[in-house]
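Positions annotated as Mn(2+) 2 binding site by Swiss-Prot, on the basis of sequence analysis: ASP20, SER73, ASP469, HIS470. Under the heading active site, phosphoserine intermediate, Swiss-Prot lists SER73. Swiss-Prot lists HIS134, ARG166, ASP167, ARG198, ARG204, ARG278, GLY279, ASP280, ARG281, LYS360 with the feature substrate binding site. The Mn(2+) 1 binding site annotation in Swiss-Prot covers ASP428, HIS432, HIS488.
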Amino acid sequence: MVLTFMTATRRRPVVLIVRDGWGQNPDPKWNESNAVHLANTPVDDKLTQEYPSVLIHTSGEDVGLPAGVMGNSEVGHQNIGAGRIVDQEVMRITRAIRDDSFFSNPVVTGAIDHVKKSGGRLHLLGLMSDGRVHSDLQHGIAVIDLAKRNGLTGDQLAIHAITDGRDTSPRGGLKFVSQLTDHCEASGVGVVASVIGRFYAMDRDLRWERVEAAYNLMTQGTGQTFPSASAAIESYYANPTESSRDGDEFITASSIVPEGGSPITVQPGDAVLFMNYRGDRTREITKAFTFDDAAWKDIPGGGFDRGKKIDNLYFATMTGYETGLPVKVIFEKPAKMPNILGEYVASKGLHQFRCAETEKYPHVTFFFNDYRDNPFEEEEWGMAPSPRDVSTYDQKPEMSAEDITEKVLKQIKSGKCDMIIVNYANGDMVGHTGVLEAAIKAVEKVDACVGRVVDATLAAGGSLVVTADHGNCEQMIDPETGGPHTAHTTYQVPLIVVDPEFVGKPLREGGRLADIAPTVLALMGLEVPPEMTGRPLMETQTA
């Protein structure tokens, strides 16, 4: 078989629309819990009928994750921007644990040496779940093994468990924390010192009052007291703060204090290992622990009344969360990939625009550019603030889609853009709430906004690629529990090439996110650089 490329007329602008969390559920038995199926989507219906479309892979080995693991927005945008399969950090860390190199990593052993010298305590902080979007529970198990290997016993290892419920079942936390405590008991080392939901500990939108609750819990023991982690979780399940905050994500500050004991908190001379490997939801709590008093005083958003920085605290992070953070990094980022989409387009002297709302802004900029903090030449970034007047987006499923659309239309009208990357967060962020009716409204809002961008782009002589980074809102009922499904899916996602030249011509099947950048370049009339292993989806198999 030979792959023959169908040459495209150069288009300007070429617009890549990422409908975040909009997947294709292949099983009709879930139609009544499929927001994409239930929504009124005249734009998507029209595009699918008139232009070539295909399903592409967004999970597992197709995006550099373990087989069967769902994709996520960070991984998805990095793969899209790279034009190649990107080996993800979860794989690097897991390999290091399996080959034992993790246990001799100098940053890891440095934490052990620090507490032995100071007489302090080792703390394990992280999202305790098997979602493998932000963390992997098995990496936490490895830290317990690390403590045992180095002679720590009992509460010389304190675990601060952040519960998930967003990338996992809303009530899976009890199982995950039980796995931790069982391993601690079998190993003779480790106790759970605190439990709190990711809604608080993993904020990324400068809602510092949430981070304050987590920080005060871990440093002062501030929160409701329970005799065990399981008791804390079960209590919240029975008494959520409100109906829209049901499940692990929203568990309030819980200090675990056995009868006759006292809270175990982070103190001077201690060491903290933060096991999360994804950076966007770790930065705020990390800065609270590590910024000196002067830096904390000037922190964006105002921070909170933290008090003085904890003295002599060894703080290590599984990966590099942000350039310049005053932490020890266990696994440094690999060298930057050359000739990613943004860099390659910039090298041609072309203008590009990236746009998303706050929730997905890092994804179309930082992650899309392989963890680069600054734009390339002729690369412009635009952000629409995500709504701050609601605590969960089911209360405002339209989010900031209209604001994003206006910014993109302005760029198209200006005539200066060669490439535009836009993310609509609604399908993913509202899908995470598990509220079907709201997810339907989210899909409908995105569909309407996409229609406006499509019309303006075609009128300007451009073309579009309409797709997603992963699925979510096409599965709103959990197949195992029958309750709300709040996590991503492993389903494929649609990709539509909206270009008059390709009407009636099939797209190549079996594609993945790595093929999107080459597809965009082909529409722009540019050669695909050799570093990109993805191929344009306008290639077809011939005899």
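Backbone N, Cα and C atoms are what each Cβ position is placed from, and that goes for glycine too.
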Task: Residue from HIS134, ASP428, HIS488 whose C-alpha is spatially nearest that of ASP20 (Mn(2+) 2 binding site), among the binding-site residues - done: ASP428
Open item on the list: Need this for a regression test: binding-site residues HIS134, ASP167, ARG204, GLY279, ARG281, filtered to those with Cα within 10 Å of HIS470 (Mn(2+) 2 binding site). What's left?
Closed with: none
Task: Env. residues of Mn(2+) 2 site, Cβ within 8 Å of mean position of ASP20, SER73, ASP469, HIS470 Cβ - done: VAL18, GLY21, THR58, GLY71, ASN72, GLY76, HIS77, LYS360, HIS363, ASN423, ASP428, ALA468, ASN472, HIS488
- [ ] Please tell me which one of the binding-site residues listed here (HIS432, ASP469, HIS488) sits closest to ARG204 (substrate binding site), measuring Cα to Cα?
- [x] HIS432
- [ ] Can you tell me how spread out the substrate site is, meaning the largest CA to CA distance among HIS134, ARG166, ASP167, ARG198, ARG204, ARG278, GLY279, ASP280, ARG281, LYS360, in Å?
- [x] 17
- [ ] Find the shortest Cα-Cα separation between GLY279 (substrate binding site) and the binding-site residues SER73, ASP428, HIS432, ASP469, HIS488, and name the residue that gives it.
- [x] SER73
Task: HIS432 (Mn(2+) 1 binding site) as reference: those binding-site residues from HIS134, ASP167, ASP469 with C-alpha within 10 Å of it - done: ASP167
TODO: Let me know how many other Cβ atoms fall within 10 Å of the Cβ of ARG281 (substrate binding site).
DONE: 20
TODO: Can you figure out which of SER73, ASP167, ARG281, ASP469 (the binding-site residues) comes closest in space to HIS488 (Mn(2+) 1 binding site), comparing Cα atoms?
DONE: ASP167
